[in-house]
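The [4Fe-4S] cluster binding site annotation in TrEMBL covers B:37, B:38, B:103, B:132. Here TrEMBL flags B:37-146 as domain 'NADH:ubiquinone oxidoreductase-like 20kDa subunit'.
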C-alpha cells in the first residue's frame, strides 16, 4: 500500500438497490473510505409544482399524493389544510378526527416501510417480511375507506370524500391493540442484535448545532435530542388535545434515529386509539356550497344541487386572493405548502417544502470519512423518498 | 408391450421450442429496478403476502447482466431515460420488458416538460400493466400474461431473428457512442 493511494470515483446509482429510488451519489474513495460524496438529484423530477398551476385545487390533490409516495395521505393533509386556511373554513370535528386517524396510520405505514428496507439494506431479511405483514393490514384499511391502497386520496378540501365504512373503526382498534405486540418481534430481531448495533451505533452522528444549521426536521432532528414536532410546536387538526410523547434520542446516531422511529409508531397507535374514543357522529364536510360537493342523491333530484355540482366541477373552488404557508409533521419531517392564489380556482403558485429534500443535504457531511458500506446505512437513516426530493 | 410401454410412463415428448420456452418462463429473473411509486407496489408483490416466488421470480437481480426481465416501475423522466436504456442494453438476450403503471405506459398524470410520455417510445414493451399504481395482483396478472407470451415465442422459426431493436434505441445508442 502506498502512502497516498489513488482516489477512485464510484457512481452509486441512479439504479442501485439501496439508494431507495433513483438517487445518484458520486463517491470519491481512498481505499474503502469515502473522501467526498456528492448526491446528484433530479432523476425523479416530474414538475409537480408546475403541473399544479394548470389544475384546479381539487385536481391538485392526486398530485400531492405522489410527492411522498410512502405517505400519500400525509401530503394530502398538508395541502388541504393550506387551502382551507386560505378559504377560512374549518372542518367538522368528525372529519378532523378521521383525518388524524388516517394521518397517523400513514405515519405507521411509512415507518414500517422504512424499517423493512433499512434493515434489509444492512443485511437483515426478516424484518422486511414482518414489517410488510403489518403494512399490508394498513393497506387493507386504506383500501376499505377510500378504494386505493398506496394513494387513498381520501381527504378533500373542506372535509372527506365519504364517511367511514361500517365496522372500520373496530378493525382499526384491533390493529392498534395487536400492533405493539408485533413491534416486539421487530425489536427482538434488531434492538439488541450485535450486528445491528455495530452497523448503526456511532454511525452518522449529528450534533444539535448541525441539525439546526441544516434545518433538518422529523425523526432525523429528534434523534439528536431536539424535540421539534410540528404536532406539538404548532398544533393543527387538534393535536393539542391528544396525549402523546415526542420521543428524542441522545447521541444523534443511526441507532438513536431507529429508536425514535420505533417509539413514534407506538405513539401513533396511542393517538389513533384516543381519536377513536372521541370520534363523534356528524358531518364529514363543511356546510358550504362553494366548497363542498352536494350529495349524489340531491344532484339527481334537485336543480340547485345539480348546478352547484356542475359549477364545482367545471370552475372549481374559488379561493380568495392571498398567500398562505402551512406546515405539518409528515412521517419524514416537516412538510409545508406555500400557496399563492390570485382569486381564481387554480393556484398561481404552489410550492412544497418537502422534508426529504432538506434532510438529504446532510448526507455528504455524514458520509465523509466513513466507510463506503456506511453510506448505505446513512441513506437509509435519513429516510428519503426521491419523489419527495425532486417533486 | 416392449419398449414403448416403458417410455410412455417415464418420458415426455415435446418440441425443443416448447421445452426451452417452458424453462425460460418458469424462472424469469427481474432486474431490481424501481423508479417511483410503482416500485413500492412491486416490492409488495415480491414480499410475503403476494409472494412472487410462486412464479419462480423471487430472484431480483441487482445487476442487469444477470436479469432477463425489466419491470419499468414508475415515472421515467428525461434525466433518467439514458440510464434506463443503458440498463436495458446491459441485459443479456432473451429479455423482456413490462411497463408497470400509467407513467411507464403513457406518462400518466405527469404530462409535463420533464417526463417521458411512455417508455414504449424507447424500449420494446411486452406487457402493459395500467393503474396508478397497479395493485400487486395486477402486476402478477401482467407477469402471467408475459409467461403466456414467452411460452408461445417461436424463437427457432421466426424469420426476422430473435432480437427487435426499435429505431429509437439505435439512435440513442449511436448518439452516445
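The backbone N, Cα and C atoms fix where each Cβ goes, and this holds for glycine too.
With the fewest other Cβ atoms inside 10 Å of its Cβ, the least crowded of the binding-site residues B:103, B:132 in this structure is B:132.
DSSP states for the domain 'NADH:ubiquinone oxidoreductase-like 20kDa subunit' (B:37-146), grouped as helix (H, G, I), strand (E, B) and coil, give 47 helix, 16 strand, 47 coil. Across the domain 'NADH:ubiquinone oxidoreductase-like 20kDa subunit' (B:37-146), mean pLDDT in this model comes to 89.
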